[in-house]
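Q: A single structure is presented below for examination.
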Amino acid sequence: MKLLLWFAIAGFGAWAVSDIVEALSGARTPTVYYLTAAYHALAAIGVWGIHRVQSNTGLNVSTIATVMQSVGLASVVVLPLQLMQSGMEPNEFAAQNPHFIAGGLLNVFGMIALGVAIWRCGVFPRWTGIAIPVGAVLFITLGVADAGLIANIANVLLAATFVYLAVRGLGRRRA
């Protein structure tokens, strides 16, 4: 379980760093795209560690949320690299490649379901059960609106919440 939590820390940490780099550079650089691809790959595995911390509560919502996030993230691992190669803006690329939208939405709905699971399980602080769904909604709406720096800040806060969960999970002992 600890290895999975380290994957979560690395993955969501890569997401935070990619948004910080984008905010500081004012552009989507190759570094941003590679870090985002790393986030997708590592977090697709790491979310299982967060799930395992609360899995002994018997709540199926956590399992469903984790499957949704994991499949959603894994299905868009190559998205940032293809977007970089295309030279298009994200919304233009999504319009021409709608199959990537499904993976992104699956991830977002998985985050919302994870928030519900966190709230109901009570293993993690309940504020995280609110922060994640709110962050997921901001992630999708600000991303579609191409909100720039505001989206970067919201994404860093959401990624930091996931890192927080993983670090908290490392400090817990399974029964």
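Keep in mind that glycine also has a Cβ here, set from the backbone N, Cα and C atoms.
Per TrEMBL, transmembrane segment is recorded for 32-50, 57-79, 99-119, 126-143, 149-167.
Burial and contacts for the listed features, if you can.
A: Counting residues 6+ beyond its ends, the transmembrane segment (126-143) has Cβ neighbours under 8 Å at 90, 104-105, 108, 111-112, 114-120, 150-151, 154-155, 157-158, 161-162, 164-165 in the same chain.
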Q: May I ask for the residues of the chain that lie six or more residues beyond the transmembrane segment (149-167) and have a Cβ under 8 Å from a Cβ within it?
A: 5-6, 8-9, 12-13, 15-16, 19-20, 22-23, 39, 43, 46, 49-50, 53, 111, 118, 124, 128, 131-132, 135-136, 138-139, 142-143
Q: Checking distant contacts: for the transmembrane segment (57-79), what same-chain residues at least six beyond its ends satisfy Cβ-Cβ under 8 A?
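A: Distant Cβ neighbours of the transmembrane segment (57-79) are 37, 39-41, 43-45, 47-48, 50-51, 100, 102-114, 116-117, 120-123.
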Q: Apart from its near flanks, which chain residues at least 6 from the ends of the transmembrane segment (99-119) lie with a Cβ under 8 angstroms of it?
A: 47, 50, 54, 59, 61-62, 64-76, 79, 93, 126, 128-137, 139-140, 158, 165
